[in-house]
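Q: The region 'G1' feature in Swiss-Prot is assigned to 14-21; the stated evidence is sequence analysis. Look at Swiss-Prot and you will find 14-21, 153-156, 194-196 tagged as GTP binding site. Per Swiss-Prot, the feature region 'G2' maps to 70-74; the stated evidence is sequence analysis. Per Swiss-Prot, region 'G3' is recorded for 91-94, and the stated evidence type is sequence analysis. What Swiss-Prot lists as region 'G4' is 153-156. Annotation source Swiss-Prot lists N6-acetyllysine at LYS165, LYS172, LYS273, LYS392, LYS439, citing similarity to another entry. Annotation comment: Swiss-Prot describes LYS392 as N6-succinyllysine. Sequence annotations record features per position, and here Swiss-Prot assigns phosphothreonine to THR432 based on similarity to another entry.
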Amino acid sequence: MGKEKTHINIVVIGHVDSGKSTTTGHLIYKCGGIDKRTIEKFEKEAAEMGKGSFKYAWVLDKLKAERERGITIDISLWKFETSKYYVTIIDAPGHRDFIKNMITGTSQADCAVLIVAAGVGEFEAGISKNGQTREHALLAYTLGVKQLIVGVNKMDSTEPPYSQKRYEEIVKEVSTYIKKIGYNPDTVAFVPISGWNGDNMLEPSANMPWFKGWKVTRKDGSASGTTLLEALDCILPPTRPTDKPLRLPLQDVYKIGGIGTVPVGRVETGVLKPGMVVTFAPVNVTTEVKSVEMHHEALSEALPGDNVGFNVKNVSVKDVRRGNVAGDSKNDPPMEAAGFTAQVIILNHPGQISAGYAPVLDCHTAHIACKFAELKEKIDRRSGKKLEDGPKFLKSGDAAIVDMVPGKPMCVESFSDYPPLGRFAVRDMRQTVAVGVIKAVDKKAAGAGKVTKSAQKAQKAK
């Protein structure tokens, strides 16, 4: 087998009809974890329903339907391989909770793949003021997804088909647009593709002899190639934050007979090891980690990205819960936030938001009502420059610096220190009305919390 390939996460963004599903389906289909039998079954069903022309998207549709019904699908279906990477598609938009997922970050994407449709009138609809192309790209950038690949899709349906002129026009427009957001177009691979016909997906297309390939220039090494798969292969490998102090937001806490209390969650930063003394915030409980396991196997250490369960001594299920954060008691332990300052972008709110507004925030695994205590300044959402001090209200499209106060104890961090704990979605009326990035946290001085006997013993022994 040789060395394991590096795992990377991508998020696929773009307007509804840009062909994201077909393109993604094509990659999964040709390089992915779906076995031949399943593919044949899908093809047969698609043909019976007269959806033969829809087979790649159909693959994704089947997966999505199962995902939405809460059937935990075999996640290998959302994976495919390039020569260098195992790629996981962490979310495909069109999924109701896409924006929320992208922000609360079931995982952080290493790269965004923006699909734009080249068909007559389609590109214009996608990038128009109310098209989703802009919003998705802006979100990706705001949330720290700094690498981007652009697939100019449906090249087979331009006028005339595979038109170089149309492709160049789109590249020019998208470059201007992503530059305004903050991406540097020189670092972005643009690839003319047909997710349906397969042009420039895995193999160079014979239909576009004019396309001499894509090139990116960046300080960590330049790259060039022809296909979308090659562009994915040239994503810069992520650096996982093992050197930071531990932060592990809890997804659940189980009580397991004969073992005891087992919190479960994903290590976001740092390392979790048996024998460590951890503090849970905001509840301020400190205890010793007895064992750590993943997929029912004991680990000597858990690293960022690992979903683990860990057994803690002398702590009841009532002491800790989902949304709490575990950290190393001796190395910048997590603390309750009395309040925090954030930069927010209002996405879709029907009215005006003023001080006192108290929607629910989804930040890492916490889900807590927070009050917009003070609107400090309105800013330009691209440059971050101040537009006005102390605005009276905010409306859709506005960006602002806001002081927020949680309604219940909560643990968050600044985006610059701990990115996964420093971005949030604002939910109201069953939709995401705003997104935010935390600039600074006012930490509550922790009183004497609960320190278990095993923690005291472990601390003495050290």
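Keep in mind that glycine also has a Cβ here, set from the backbone N, Cα and C atoms.
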Q: What is the interatomic distance between the Cα atoms of TRP196 (GTP binding site) and LYS273 (N6-acetyllysine), given in whole Å?
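A: Counting only the Cα atoms, the answer is 47 Å.
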Q: Name the one residue among LYS273, LYS392, THR432 whose Cα is closest in three-dimensional space to that of ASN153 (GTP binding site); these are the modified residues.
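A: When the Cα distances are compared, THR432 comes out closest.
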Q: What residue among the recorded positions LYS20, LYS172, LYS273, LYS439 has the most other CB atoms lying within 10 A of its CB?
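A: Result of the Cβ crowding comparison: LYS20.
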Q: For the region 'G4' (153-156), could you work out the same-chain residues 6 or more beyond its ends whose Cβ comes under 8 Å from its Cβ atoms?
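A: 18-19, 22-23, 115-119, 122, 162-163, 167, 192-197, 199-200, 207-208.
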Q: Taking the Cα atoms as reference points, how far is LYS172 (N6-acetyllysine) from SER18 (GTP binding site) in Å?
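A: A Cα-Cα distance of 18 Å.
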Q: Can you check what DSSP calls LYS172 (N6-acetyllysine), collapsed to helix, strand or coil?
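A: DSSP call for LYS172 (N6-acetyllysine): helix.
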Q: Quick check on the region 'G4' (153-156): DSSP residue counts for helix, strand, coil, in that order please.
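A: Counts, helix then strand then coil: 2 helix, 1 strand, 1 coil.
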Q: Show which residues of the chain containing SER194 (GTP binding site), separated from it by at least 6 in sequence, have their CB under 8 Å from its CB.
A: ASN153, LYS154, MET155, ASP156, ASN200, MET201, SER205
Q: So among LYS273, LYS392, LYS439, all listed as modified residues, which is physically nearest to SER18 (GTP binding site)? Use the C-alpha atoms.
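A: In terms of Cα distance, SER18 (GTP binding site) lies closest to LYS439.
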Q: On the 0 to 100 scale, where does the mean pLDDT of the region 'G2' (70-74) fall?
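A: PLDDT averaged over the stretch: 41.
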Q: Measuring Cα to Cα, how far is LYS20 (GTP binding site) from the residue listed as 'phosphothreonine' in Å?
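A: Taking the Cα atoms only, LYS20 (GTP binding site) lies 22 Å from the residue listed as 'phosphothreonine'.
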Q: Out of GLY14, LYS273, LYS392, THR432, LYS439, point to the one nearest LYS165 (N6-acetyllysine) in space (Cα versus Cα); all of them are recorded positions in the record.
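A: Checking each of GLY14, LYS273, LYS392, THR432, LYS439 against LYS165 (N6-acetyllysine), the shortest Cα distance is to GLY14.
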Q: State the Cα to Cα distance, in Å, between LYS439 (N6-acetyllysine) and the residue listed as 'phosphothreonine', rounded to an integer.
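A: About 20 Å separates the two Cα atoms.
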